[in-house]
């Protein structure tokens, strides 16, 4: 049997592959069309202009759907284990699912409303996506420790915690530095007054995005049991 046919492994595996492709494809198309700078544009910048905006919007919506399915499957797995061994508080599991679904809603808003068209709606969606996504990761890391020794290995728990902490720090830096960026534009020059804070904010945004991707990658061992 192929590894991705074990249990529900196909869900996190497909989510990781699709979401990574989402970031990379829209970036490559935007660079090819010279719509953004090569060096660390905002992720949203790579999906601001057509045709990459169409690609970004579609792939982000599918990513949100796959993430919702993965989060719900994780919720049911934790719920079932909690009923069997009573190691996980149901409120914690419910809270994690709720935060995860709100994060997926924010993701849909980010993909649907381009930052150059409806900036405040786009930014609201980004805050929902990254903010609640970070707390989802933190709660799931805590749940992973509570599930031991019946759930994940200790090294997996530590790995999830590391990604959760990295994403939290990166979000804080991205929000603070992003607040100092003046205006919304797709091309920036090193001579711009706010270039340094823009670059710092953009780098942190990419770190958060791929921290989430790698966090879901750690679900694969658990989902083999699903």
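Any Cβ shown, glycine's included, is placed from N, Cα and C.
TrEMBL lists 9-224 with the feature domain 'CWH43-like N-terminal'. Sequence annotations record features per position, and here TrEMBL assigns transmembrane segment to 54-73, 94-113, 125-145, 157-177, 197-220.
Looking at the domain 'CWH43-like N-terminal' (9-224) alone, the prediction's average pLDDT is 91.
Among residues of the same chain six or more beyond the transmembrane segment (157-177), those with a C-beta under 8 A of the stretch's C-beta atoms are 127, 130-131, 133-134, 137-138, 140-141, 144-145, 148, 197-198, 200-201, 204-205, 207-208, 211-212, 214-215, 218. Same-chain residues lying 6 or more positions outside the transmembrane segment (197-220) and placing a CB less than 8 Å from one of its CB atoms are 9, 12-13, 15-16, 19-20, 23, 39-43, 67, 70, 74, 130, 133-134, 137, 140, 152, 156, 159-160, 163-164, 166-167, 170-171, 173-174, 177-178, 180-181, 188. Counting same-chain residues at least six beyond the ends of the transmembrane segment (54-73), those with a Cβ under 8 angstroms from any Cβ of the stretch are 8, 11-12, 14-15, 18-19, 21-22, 25-26, 29, 46-47, 96-97, 100-101, 103-105, 107-108, 110-112, 136, 216, 219, 223, 226.
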